[in-house]
Each structure stands twice: as structure tokens, then as C-alpha cells.
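S.K.: One structure, pasted below without further comment.
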Amino acid sequence: MEAAREAAEFADEPDQHTHDQNLVHDSSVDHKGKLPLRASTGVWRSSLFIIAIEFSERLSYFGISTSLIIYLTKAMHEDLKTAATNVNYWTGVTTLMPLLGGFLADAYLGRYSTVILSTVVYLLGLSLMTLSTLVPRLKACGSEICNKPRKVHEVLFFTAIYFISVGTGGHKPSLESFGADQFDDNHPDERKQKMSFFNWWNSGLCAGIILGVTLIVYVEDHMGWGIAGVILTSIMALSLAVFLFGSSVYRYRVPLGSPLTPLLQVAVAAFRNRNLPYPPHSSHLYEVQTADRFQARLLSHTKKLKFLDKAAIIEEGGNSDGKQGPWRLATVTRVEELKLILNMIPIWIVSLPFAIVVAQSSTFFVKQCVIMDRKIGSSFIMPASSMFCLAALGMIIFVVIYDRLLVPFLRKTTGNERGITILQRIGIGMVFSFTTMIVAAVVERKRVGLVKNDPTGGSAGAMSVFWLAPQFIIIGIGDAFALVGLQEYFYDQVPDSMRSLGIAFYLSVSGAANFVSSWLITIVDNITRKSGGQSWFGEDLNTSRLDNFYFLLALIVAVDLCVYVILARRYTYKSVQKTTVGACSDADAPDTSSAV
């Protein structure tokens, strides 16, 4: 490979164009720190290694998370409300930690190194969890029956799962953005493959989810959490070896320091220049062409958040080439990067209700499965958490349908390279989340009615767990639209230097939603309890009114969806200049890979 590169470098001038076509000019480098060869690095040959380790991580995470509420109530004897709150807090921390991990990856460590380091921390967490559930003296209870777990078990178990949170915090944002980095946005074929990457990425992680909520959950139920921990630790260690094996074919992005500093410089410069008059045309705003091959792409000027344009106004008598520093004068690209982040805040907020609905699938949905008839055939009893695989199957099936059937058809119909815009895709997913809550509420109301009519038998004998199948499948289809769309949105629409942080922003939606879900449960519990009636969250599901809670969530999603439509219609997507120029003009043609 090196010989071929050297030969290309010393080729005659007519071969220079071919030489440039063979190399990737997207600010990435190969494992030797040189420009990557297109034929031997990146795209699917490298992303498959990356998807493999994501499969392992999702296998571990969902093998733990979907059964966690059951473990906390049965093994550690927590009541339903406390267990649900603990699960939501743990999930919230797990999905907010990527903000720190993504920042470190973008600014200092690099995505590849962050993946390796966080996987080691993840392995440590799995090992501690295995010890706390396998070693007799560290288990929740000894051979005798107990009503309260040993303190040493509580400390070790919660330490272990929060180590897993920290590991996930570096793993998730770095790995997904690292996988997307394997495709060159400036190459037409690779750009289209990148659009499919997020679909197949989610298919791979859903495969891990399915095995996690079936095989791993079965082992947890029938052989114990200790044996399941041994399996998960071994698979994670193997996947790390597979990831390292692909190092020679990856494309790497060099960290350039804190991506937040330039954004702060824009804000300061805009404030300092607040009294300067606007130039007659945006082409008079400051922009530079850089020779640094690691520099992000130049962005076209947009008319929204115009007050920030003050940062790019050249003061009369000032010298833009050096006398005015970055805290006084910013380029149009830097200004537009700050606009991108500010434009994301409303979308982030209105995405929360969808994520709150998703949070119910790993807590209350699973707990419902426990008290319903799970018998298949004459003797086999399905683990309650295994119902979650229906959501993963729904997502996999519809992602394939969307990628292979709908997108080609929609491309011809709409003329959009993606088929539909990213925000349209997210909005469709929100509609499915509303439908999920309506269906879940109706089914739960029927189950509560059976319990009321037959308190001794209740729903455990009269109502099959497969009554819950529609709500799991519908939320899976909603994930295929909204979750994949959110991943693509937060990767694509952030500045190029912040793509790990972009994935962290996406993950933080779920993290914040879990905290909001916990707060909402507490608020509703207090209100319904103080109103003189029965709390919607009793000691168990049979004394609770989850159907009312689900209807409340449906109402919240419906109102939120109306707000979302207004914001989406007014949203301006990232517009990348096809050709870099010394000054920015509104007439510059945007790169269709982003401006959709």
C-alpha cells in the first residue's frame, strides 16, 4: 500500500488528478497519519468492525437494562416506584455521560482512543457486576431468604452499573461518529452510503438488543446474573479485539482542541461589535481560505440569528489578517457553526416527549409483562424482558423496508437525496409514539378491568402477554423513524469538529427524558395521592393506574407534536459551500449532503 502511494506521489503531472481521486481529502488520516487511500480504507470494509463492537455493547446494555427493574424488585426488594426511579436515574446518567465523553473525544483524545478507553472501563463495570452476583459473600442475600440486601452488594452492584454508565459515556458518541467518519461527504457514492450507514448501524445494534433481551435475559432468569455477567464480559472482550483488528483500515480524525472555544469567541465578538453597522451585503463579512487540510468545510451564510453576524464584521481601520484576534473577529463559518448549535436547542427540547415514551418500554412495559401470562406451549415460560425484542424486531424490519424500498421511491418522488428531510422522519416517529401510548393505555385499562373482576386470578391467568405486542412493535417502528432520524440529525447538523458531541446531544435527549420521566412520575404520584383518590403508582401494578398515566403521556406528545411541526417548517439546515472562496456569499451553492 505504501509503495503504491509513493509511486503516485512521484507520478507525472497528467497522473496527478488520478492520484487525488485515489486519496481521501475530508480532513481524515489513515493509521500512519497520512492521507487515506480510498480503495483500502473506510466505507463498509471498516464500518463493519465498528458495528460489531456496537452489537456487543447493546447486547450487554439491554441484557442488563431490560431486567434491571426486575432485579431491583426481586433480588434487592425495592418497591415498584423506587425501582422505576433507580432505573430511570441510571438510564439518565448513562445517556447524559456521552456529553462528557463526546467532548473529550472531539477535543483531546480522538474517537478511536476514546472507544478503546471507554470499552476498558465498560469491561471493568461488567466484571464488578459479575463478582457482585456470582461470589457468595457478595450476593444480595445468602442461602437464607432476606428482606433487605447486603450493604456490600448494594455498593458493589451500583458501582458496577455506574461504571458501565461511564463506559457507555465514551463508547456511544465516539463509536457511532467514528463509524460515520468512514464515509467521505464530498464523494457522491460514499455520501449515499453514509445515509444508509445509520440505518444499518441501528439494524446491528437491534440484533444485539434482540439477543440481549432473549438469550441473556433467559440466562439471568434461569442460571443467574453471575453466569450472564461472565458471558457479557467475555463477548465484550472479544469485540474489543475485533475492533482493534480493523485498525489498519479505519479513517481517523485528528482532535483539534476544544470545539466549544470558537463558539464562545463568536458570542464575545458579536457582543463587542454590537454597535458596528451591518455591511450592505453578506459577501463583505469576514471569511478566510485556509491551507490546513484538517480544517472543517466552509459554511454558507444564512439570514437567521442575524445579530451573530456582527462577529464577522471587519471594523474600519482594522486588519483582519492579524490585528483583530478571534475574540474580536470571527469568520462566517464560525458564526454559522454557533447558529447551528442554537437552532438545535428547540429541536432537542421538543424531542423529549418522544424519548419519555421510549423510556416506558424498558420500565413499566417490562413490569407489565411480569404479571401477565407468559406461557408458550405447555411448559415454557418466556422471560418478561424478552418482549422487548419485538420493539427491536419492529425497528430492524422497518429500517430495512425504509432503506431499500421507501428511500429509492421517495427520492424519485421528492427529488430529495434522503427521500424525506431528517426532521420529517423524526416527526413521523413522534406520531408512532403517540399511537403507542394510546394502544398501551387501552390494553392496560383492559388488564386492570380483569383484575377488578377477578382479584385472585387477575391478568396473570386470563390475559396473555402478547396483548402487549402491538405497543412494543409500534414503538419499534417509531424508533426506526425518530431515533435513527435523531442520530442522523445530531451528527449531520453540528459543526464538523463536534460530531462526537453531536451524537452525545442525541443520546442526551434520552438521558434527560429518563430524568423527566422520573420527575413526572413523582409529580403525578404526589398530585393523585393528595387529591384524595388512589395514587396512579401503587405498591404494584394491580393497585396502580398506568392506563391514566399512558393517556397523560399521549396528550403531552400530541401537544408537543404541534409545536414540533411549527419548528420543523421554519428550520434552516446546514449549508456547506461546494467551493471555498475568500468571502462568503448568499449565492454560494449549498452542498446537498447537508442542505436538505
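Backbone N, Cα and C atoms are what each Cβ position is placed from, and that goes for glycine too.
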S.K.: With TrEMBL as the source, which of 1-27, 568-594 is set down as region 'Disordered'?
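M.R.: Range annotated as region 'Disordered' by TrEMBL: 1-27.
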S.K.: Per the 3+ Cβ pairs under 8 Å rule, pairs at least 6 apart in sequence, do the transmembrane segment (380-402) and the transmembrane segment (549-568) touch?
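M.R.: Result for the transmembrane segment (380-402) with the transmembrane segment (549-568) is no.
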S.K.: Of the listed stretches 89-109, 115-135, 225-246, 422-443, 549-568, which one has the most C-beta pairs under 8 A with the transmembrane segment (503-524)?
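M.R.: By the under-8 Å Cβ criterion, the transmembrane segment (503-524) pairs most with 89-109.
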S.K.: How about the transmembrane segment (225-246) and the transmembrane segment (340-360): do they have 3 or more C-beta pairs under 8 A, pairs 6 or more apart in sequence?
M.R.: no
S.K.: Out of 89-109, 200-219, 340-360, 463-491, which stretch touches the transmembrane segment (549-568) the most, going by CB pairs under 8 Å?
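M.R.: Against the transmembrane segment (549-568), the leading stretch is 340-360.
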S.K.: Same-chain Cβ contacts of the transmembrane segment (422-443) under 8 Å, 6 or more residues past its ends?
M.R.: 347, 351, 353-354, 357-358, 360, 365, 467-468, 470-471, 474-475, 477-486, 488-489, 492-493, 547-548, 550-551, 553-554, 557-558, 560-561, 564-565, 568, 571, 573, 596
S.K.: What residues in the same chain, six or more past the boundaries of the transmembrane segment (200-219), come closer than 8 Å to it by Cβ-Cβ distance?
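M.R.: Same-chain contacts beyond the flanks: 47, 51-52, 54-63, 66-67, 176, 179, 227-228, 231-232, 383, 385-389, 391-393, 395-396, 399-400, 403, 479-480, 483-484, 487.
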